[in-house]
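The transmembrane segment feature in TrEMBL is assigned to 7-28, 48-71, 107-126, 147-169, 189-211, 276-298, 310-330, 342-364, 370-390, 402-421, 427-451.
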Amino acid sequence: MICPAWRVGGVCAIVGGILIHLTLGNLYSFGNMMTYMVSYMHQRVDPTITYANILWVNSITTMSQGFFMVLGGLLEKQAGPQLTCLLGCSILSSGIILTRYTVDVSLFAVLLTYGLLSGLGISLAYTTPLSCGMQWFPRHKGLVNGLIVAGFGLGALGSTTLQTMYLNPENKPPQSDGYFVEASILNRVPSVFVLLGVIFLVMQVVGCFLLKKPPQNMVHCQQESEGLLAEEVTSDGQELHINTPNITPSSSTTSFTTTTSPCSNLKPREVIKHRIFWRLWLIYFFNTIAIGYINAMGKSFGQTFIKDDHFLAVIVSMAAVFNAGGRVVWGRLMDITSFRVAMRMVTSILTVLFATMPLTVYLGKGGFTIWLWAIFFTFSGTFVLMPTAVEKTFGADHYSANYGLLFTSQTVSGPLIALGNQLLLTTFGFIGCFEVVAVIIFLSICMTFLIPEGI
């Protein structure tokens, strides 16, 4: 049992993690911010900057996030959770504020500030709150992860609303080619980055102050009273076998395998030797292609047949609510069932939704709303199922660094999204893009059949 004083510390850590992830979740507002950013740069900086190449900003963010995520985990081991998160948050907010100046320079400059620095900041601050939360409440890892990353999903609600109300309060529509030309809108674009950055920095400082690991004596007490899953690995070091609890009807106690195995708390260099890691890596890779595409291009697709900027902004903002709520639901579902079952549901539903998304052109505002919200609710499961699976499979000691390894898939999926969009959008339009994404998600379904039952 956790005493009341310790429980307060755990709740504070979760609240701090949510505050931090709310600011990191600005990533999901890119689809909305992109419409104003590309309009400003297309009109006032370089007419060759278009919707096709502005997507590289988001791709660079996800690439750098994946590339530096392992660094965040390693830094946490040396500097602790508060300093690691504060460093990452400061880099993120600074990058956003600096975009106030780079947006007047070039696309490359924006790639460095709103893309590279944002991704670096997210990578350093992302996993530490999850690690802390699971240490406070080890028997509810899926739920804790769901609550914290719900903040990430919900972050776009505030960001998108603030962006739209500040930049386009009169709900002026873009031109037929999708670009805003009203001076009243374009004049505000540079200053919105300062507004966002300052608000985020204040929230981050409070969140980092609340974020603390549990005292060591509490960790030992929980390990003795609740037990830990023990994982075993075959002698060839390639396949993992998870020993699940053995609960008998005649006893309220739970027995666990007590053998100490090399699979407990694996280091990153050991994790990459296991097949199961690469299966998880591929699932994450396929899923993030779909997630990255709908996040960046969802609003742009809606603009092709819905000429109401405020409506689209509200729909994208509310999608963040479904993104956040879905993370709690999927996390709880994994606690009840397993990663394999929950992820198979996520990927199956996503395949159907992406394959049928082009039909919303004929269903109007209502159809587009339902499909977009359903996609955000479903894909959110990826970001709570994956960290929980990594911690359960490879242990808690090096969790942040190990989960960071999984994010390296984004260094591949990021440029693929941008390149694929440039090639497919001009040739086959949105229909071709959505169907290709549906096929990619189907590959993720196939990979779930290779995941062991015990995870």
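Just so you know, glycine gets a Cβ as well, placed from its N, Cα and C.
Automatic, uncurated: that is what TrEMBL annotation is.
Looking at which of 107-126, 276-298, 370-390 has the most CB pairs under 8 Å to the transmembrane segment (402-421), the answer is the stretch 276-298.
Only pairs six or more apart in sequence are counted, and the transmembrane segment (189-211) with the transmembrane segment (48-71) gives fewer than three Cβ pairs under 8 Å, not enough to call it a contact.
Put simply, of 7-28, 48-71, 147-169, 276-298, 310-330, the stretch with the most CB pairs closer than 8 A to the transmembrane segment (427-451) is 276-298. Among the stretches 7-28, 147-169, 276-298, 310-330, 342-364, the one making the largest number of Cβ pairs under 8 Å with the transmembrane segment (48-71) is 276-298. If you look at the transmembrane segment (147-169), the same-chain residues 6 or more away from its ends with a CB under 8 A from one of its CBs are 14, 17-29, 32-33, 36, 126, 129-130, 133, 180, 185, 188-189, 192, 195-196, 199, 309-310, 313, 316-321, 323-328, 331, 376, 380, 383-384, 387. Away from its own ends, the transmembrane segment (342-364) comes close to residues 283, 286-287, 290, 294, 301, 304-306, 330, 333-334, 371, 374-375, 378-379, 381-382, 385, 430-431, 434-435, 437-438, 441-442, 444-445, 448-449, 451 of its chain (Cβ-Cβ under 8 Å, at least six residues beyond either end). Put simply, of 7-28, 107-126, 276-298, 370-390, the stretch with the most CB pairs closer than 8 A to the transmembrane segment (310-330) is 370-390.
Sequence-distant contacts of the transmembrane segment (370-390) (same chain, six or more residues past either end, CB-CB distance under 8 Å): 127, 130, 141-142, 145-146, 149, 152-153, 280, 283-284, 287-288, 290-291, 294, 298, 302, 315-316, 318-320, 322-331, 333-334, 339, 342-343, 345-346, 349-350, 353-354, 356-357, 360, 399, 402-403, 406, 455.
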